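A.B. asks: Relevant sequence annotations retrieved from TrEMBL are reproduced here:
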ACT_SITE  CYS412  active site, nucleophile
ACT_SITE  CYS412  active site
BINDING   GLN287, TYR316, ASP337, ASP385  S-adenosyl-L-methionine binding site
DOMAIN    3-62  domain 'TRAM'
Amino acid sequence: MEPLLEKQQTILLTIKRLGINGEGIGYYKRKAVFVPGAIPPEEVIVRITKVSDKYAEGEIVKFNIKAAKRVKPFCKHYYQCGGCQLQHVAYDEQLLLKEEMLQQAIERYSNVDVASITFNDMVGMNTPRHYRHKAQMPVENTKHGITTGLYKVNSNDLVPIIDCPVQAEHINLVNQRILEICDTHSIYAFDPKTMRGLLRYIVTRESHHTGEIQVTLIITIFNKALHQVAQDILQLPNVVSVGISKNHDVKNIEIFGEDVEILAGKNTIAEGIGDIQYDLKPKAFYQLNPSQAIQLYSYVKSLLDFDTDQTIIDAYSGAGAISMYLAPYAKRVIGIDSSKESIYSALHNRKINKFDNVDFINGEVKTALPKLYDKGITPDVIIIDPPRSGLDNKTLDLLTRKPVSKVIYVSCNPSTLGKNLKVLTRKYKVLSVTPFDMFPHTSHIESVTLLVKK
């Protein structure tokens, strides 16, 4: 039988929807064809680049019909860099397409009747640029000195970038000066081919609340010149903390090493929402888009009735941002997180905010949550904000065997949200889903789902 598609074949394709990575999807004789850079409802001539049993991939040869919402990307690196996927789409259209992607994922992976629930409009940004307040930038040696940037899609090729338009502007400026300082002190980027050099990443975080900047250099080995490098970086505007973290395992996907040593300045930077202060150590988790995080936390709070929702468990709590935000209103809040650094920051934050109704547990949710139940602690509400992999089977089993009155699921992955809802809806009813655009111009989708016990 002659194959439906072959590599290098050109076909006419109408783009029907977007995939989870922001690529356009059309159908050729019922086979899905993924086309990066295409958007609904464009009609394109596509050259097939890959064929598998279930799908094919292609590249745009020619536009027959362009979408009215197609725009010129505002970043000059867009077509080389893999950081953003949707800059070629008008922002209002991005929000609509992401809403559709989320709805389609829930319909595909769960048994939820989307028509029967409240599916709210995506909460977008008024000014969706320079929103990222943390940068983890790989570095590379060039003939002009050390440089930083982001990798091409599915590649280890670095695109030199020092003026990323979605990074906070002060982070761009500080990173540029850090490169100059490293050049001055002959600090070279680590080269995985020769295994020489010491600097792998520059991690820079800026407080949205105070403007303080924290810098961590990810290195393979220590060099005494780093002491002076740290002192020079500390002199840069708003920089208050400079540290190093050793990570010589090039196969490890984690950027930070096990520990962080502060070489100059403070151990933490101060972040905050209103009257609540969060002191953050370098490895502590905090939302990359603080202005949208405030919107999300405020919405989570609006879903609670503190007359009845008195005991709240904040699973995957990070440095305790949501826990601390809810503490003034709840009777008791318990945060759980596996990161020692995040829990250290959370306990410190509890102390400086003088909350005596908040506790934190360092451990995996799947083991810490059952122990709380065994101690007779029965929450009224569980807020879950898991990694992209979603909830593990043990946690899902506990939530369905011992259902609580209310679950608020903060998701960063529509696919795993849908799969988890398929299990949770055995004991819970989905009332609403609200998407938040935490990362404009990318395909990432954050959402808040409200579930109540049946």
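Each Cβ is built from the backbone N, Cα and C atoms, and glycine gets one as well.
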A.B. asks: Can you list the residues of the same chain, besides GLN287, TYR316, ASP337, ASP385, whose Cβ falls within 8 Å of the S-adenosyl-L-methionine site's Cβ centroid?
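C.D. replies: Other same-chain residues near the S-adenosyl-L-methionine site: PHE285, ASP314, ALA315, SER317, GLY318, ALA321, ILE322, PRO386, VAL410.
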A.B. asks: GLN287 (S-adenosyl-L-methionine binding site) has how many other Cβ neighbours within 10 Å of its own Cβ?
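C.D. replies: Step by step: centre on the Cβ of GLN287 (S-adenosyl-L-methionine binding site), count other Cβ atoms within 10 Å, giving 21.
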A.B. asks: Return the maximum Cα to Cα distance in Å (whole number) over the record's S-adenosyl-L-methionine-binding residues: GLN287, TYR316, ASP337, ASP385.
C.D. replies: 15
A.B. asks: Over all shown protein chains, what is the count of other CB atoms within 10 A of the CB belonging to CYS412 (active site, nucleophile)?
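C.D. replies: Within a 10 Å radius of the Cβ of CYS412 (active site, nucleophile) lie 18 other Cβ atoms.
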A.B. asks: Check ASP337 (S-adenosyl-L-methionine binding site) against DSSP and tell me helix, strand or coil, would you?
C.D. replies: strand
A.B. asks: Within the domain 'TRAM' (3-62), how many residues are helix, strand or coil going by DSSP?
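C.D. replies: Going through the domain 'TRAM' (3-62) residue by residue, I get 0 helix, 36 strand, 24 coil.
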A.B. asks: If one looks at the chain holding ASP385 (S-adenosyl-L-methionine binding site), which residues at least 6 apart in sequence have a CB under 8 angstroms from its CB?
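C.D. replies: Within the chain, ASP385 (S-adenosyl-L-methionine binding site) has Cβ neighbours under 8 Å at ASP314, ALA315, TYR316, SER317, GLY318, ILE322, VAL410, SER411.
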A.B. asks: Using DSSP and collapsing to three states, where does GLN287 (S-adenosyl-L-methionine binding site) fall: helix, strand or coil?
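C.D. replies: For GLN287 (S-adenosyl-L-methionine binding site) - judged by DSSP and reduced to three states - the answer is coil.
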A.B. asks: Please average pLDDT over the domain 'TRAM' (3-62) for the predicted structure.
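C.D. replies: Across the domain 'TRAM' (3-62), the average pLDDT comes out at 94.
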A.B. asks: Would you count the other C-beta atoms found within 10 angstroms of the C-beta of TYR316 (S-adenosyl-L-methionine binding site) for me?
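C.D. replies: Other Cβ atoms within 10 Å of TYR316 (S-adenosyl-L-methionine binding site): 22.
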A.B. asks: Just the number: how many Å between the Cα atoms of GLN287 (S-adenosyl-L-methionine binding site) and the residue listed as 'active site, nucleophile'?
C.D. replies: 12
